[in-house]
Amino acid sequence: MKLLQIKFSVFILLFSCFTANAQLQALFNNKTQQRNLTERWELDTTSVRGTFLVTPYKSMYVLPVHWTSLPNEQPSSGNTDPDYIAPAGVDYDNVEAKFQLSFKTKVLQSFLFGRGDLWVGYTQISHWQIYNNDLSRPFREVNYEPEVIVNFPVKFNFLALKTRMVGVALNHESNGKSDPYSRSWNRVIFHAGFEYNNLTIYVRPWLILPAAKNDNPDIGEFIGRGDVNIIYAKNGNIISFIGTHNLNFNSKARGSGMFSWSYPIKNNLKGFLQITHGYGETLIDYNHLQTTVGFGVSLIEWL
């Protein structure tokens, strides 16, 4: 009976993957499938599409199989308040499902000195214990990340890289839970985008804003104070690596690495492999060290 329930869960998840893929391909047709920074962020007059058009932001994918080396069964926080002490651990499975959705829309165009664009973005990452019948298949963690982004097109060379854009964002991320599992942070994120042949590079240092009630005061020591995203695209394959670091270059150095590979299977169907190691797989795992491997389908790529 349990095996039948697992097979049914896998079928439902895979059916949802293919349905979502078809719907997203219809929503983001070929005219909005951008393949470089200029098209993705409308950086010149030939790529401008106006305001309030929903377009892709970060990658979107569904991983029916997402394995972790060490489930975080009893999360802890750097906040020493007794309200943040979790009760007895939860018996989570090593294998769950993971999916990410991410959109953005431009709300103001050429509003700063005739150059800047104002965007609103939203990203949501969900971790679903879909195979855990004993716990009634709960969503283990959902992270909600809205942000407001100001972006400027630029054109100058930095070493061998072509600088395409710079900007700043006000970013909030939380998991929507109550104590002792509440996790959140607010950041001012600076960004720059570069291109070199088939490479695209995003660099994002950030400042963590203080909060009156801090769910995780030491989050920057684990997840880091910035990230670099390197994307390589060729022949329908898109490979990316995102690295974060806390900028401590001693025994307290921490961060994470995420390798992703989107590869064509047939027509618009693309497979997706994701491997991570380090801290911050989710907000509830911000200070939890683990390795994860996920397999699934890519819905929308970085580029």
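Quick reminder: no glycine exception, Cβ is built from N, Cα and C everywhere.
Listed features, source TrEMBL:
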- His172: active site, proton acceptor (ACT_SITE)
- Ser174: active site, nucleophile (ACT_SITE)
- Ser136, Ser182, Asp215: Ca(2+) binding site (BINDING)
- 1-22: signal peptide (SIGNAL)
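The DSSP secondary structure for Ser182 (Ca(2+) binding site) is coil.
Other Cβ atoms within 10 Å of the Cβ of Ser182 (Ca(2+) binding site), summed over all protein chains shown, number 19.
Remark: the residue listed as 'active site, nucleophile' has Asn143, Tyr144, Ser182, Arg183, Ser184, Trp185, Leu283 as non-local neighbours, by Cβ distance under 8 Å and separation of at least 6 in sequence. Distance from the CA of Ser136 (Ca(2+) binding site) to the CA of His172 (active site, proton acceptor) is 30 Å.
Cβ neighbour count for Ser136 (Ca(2+) binding site) (all protein chains, 10 Å cutoff from its Cβ): 7. Sequence-distant contacts of Asp215 (Ca(2+) binding site), defined as residues of its own chain at least six apart whose C-beta falls under 8 angstroms from its C-beta, comprise Ser77, Asn79, Tyr84, Asp179, Ser182, Arg183, Ser184, Trp185. Around the Cβ of His172 (active site, proton acceptor), the number of neighbouring Cβ atoms within 10 Å comes to 14.
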